[in-house]
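K.L.:
Sharing a structure below in structure tokens format, with a few things to ask.
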């Protein structure tokens, strides 16, 4: 096979995943299971972004919950306002203070178009400012990881502490409609799944295109030898910034779709623990591989939902062990097993040949 | 003048608490480059040791004093086990120590949730600490002074260990040049282990102090770990004076912001301020000059 053809091979994989999600899954899964799968797809979108930033860019983003929350709360605010109708005020605000007017920053979210714009624009702006400051100052490695985690903790604390504006720990819930369509209708819920799965496939295509572009090569070069990239005349800060911003947008879209699917958005879906949960799937699947983060996140999502229902404690032990075992024994995740296996085969074959010639 | 002195004293005590927690991290992260996210759970282990000691020894006056050395050993032993089983595999991969210890932290937290009452346990303040002293008209809880004295004791002990003992010299030698230290006959493996024992043990001591002030439940570690890391990073790695200043500033400013707003908003403001500070000085308050590019 020519190398040119080979570089399109991953597209086949993406197509296979698209068929599995968009054709097979709706045909065989019940409404409830399909809705669960939609939830895993949201986490998988975050994971594709983490794969880009961490796997390819070497930036361990431990605070993707921040961007997840930006998308999720934008969507949550819109759906909340839509559910109470024109000029209405969300129930939790009335409970807190019956006479308070709607906070000014809520008002524009009555518009669906504004909400959709914000789901993309807000993470771009926040990640650009953050990333610019962080990468230009050459903060990296563990410092970067701790900083991002601190931001996730800070935002979660802020949301918990501002009950009047965000619903606090209880979060936003009680949604009835999604851009004018009633959420009760199972058909609409299937449609939401289809949108989510399509967005996930879209994220994968973006990641694939970025990985095979010149930018992708530079990103990997920055990860492996930042100083050399700098000496070659590129600015590593800009390269990292792009990856960080794209990852943030993916997390935000994942968060936005999470809200209509799960029906509630609270700080515990985006705090430090949740941000670490986002990473778990990426680490398991293989952070630098194209399909590692997606499949890992889907698997971990499934594991969390099924295991934690039956034995909530056991699941935490499993997740904790997963982190330990994967980082010690399999830093490249399950995806690296394939390359390791291929390498082992090649070595065996060459030793066979040596034995034959001797 | 009650309003000014109260947050100042409370904040200093909180800062002292943060300092003991951060000292252990400064040792393991600053000196060894290991990022131990389970450090927060070692604090929890210390706090639970205080509780268990109190269950065993009826006299609360005595048990809290006994709990201090026991907690040091318990948390230190946990640290040694962690070093020997997990961290030793990845001294060259600091980001991976972070992830693996995140896993360890999850397991420890869940274990505490399973083994102890899930609503948390209460540690009784002994009578001799349950007093207030009058400071310019503010009734200052004595246990806060106790925390500050404890932090001072831990700090002096650690500084003396690093500066005056041969083991301290070995730690510093290993940090500066591992290969050269080894050629001079220093067993760097042994140094790593003991450093980890001392660093983790300090978390245990901090845990005992925390148990007197806050509720002891499985989330105790998560509450302190990020703040403690920020203190170490903001103070600058490889030395202790920056950590002391950073801990005190974070403690006092949190107390003042709490006075002006609410507890959670204060935490947010201080976190964001520290993050902004790190933009201005990514290397922290003080730095040890090295020739490394990183």
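Numbering starts at 1 and runs along the chain as it is shown here.
A Cβ is built for glycine as well, from the same backbone N, Cα and C atoms used for every other residue.
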K.L.:
Among B:113-137, B:138-162, find the range that TrEMBL records as transmembrane segment.
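P.N.:
Going through B:113-137, B:138-162 one by one, TrEMBL flags B:138-162 as transmembrane segment.
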K.L.:
Looking only at the recorded stretches B:42-58, B:138-162, B:194-215, B:245-278, which one has the largest tally of CB-CB distances under 8 Å to the transmembrane segment (B:64-86)?
P.N.:
B:194-215
K.L.:
Report, as numbers and ranges, which residues of the same chain sit near the transmembrane segment (B:42-58): CB under 8 Å and 6 or more residues beyond its ends.
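P.N.:
Residues 21, 24, 64, 66-67, 70-72, 74-75, 78-79, 108-109, 112, 116, 121-124, 200, 203-208, 210-212, 216, 218, 220-221, 224-225 contact the transmembrane segment (B:42-58) from elsewhere in the chain.
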K.L.:
Other than its close neighbours in sequence, what residues sit by the transmembrane segment (B:194-215), given a CB gap under 8 Å and a spacing of at least six beyond its ends?
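P.N.:
Residues packing against the transmembrane segment (B:194-215) from afar: 13, 17, 20-21, 23-25, 27-28, 31-32, 34, 36, 39, 42-51, 64, 67-68, 71-80, 82-83, 87, 120, 122-123, 125, 129, 143-144, 146-147, 150-151, 154, 158, 161, 167, 171, 223-224.
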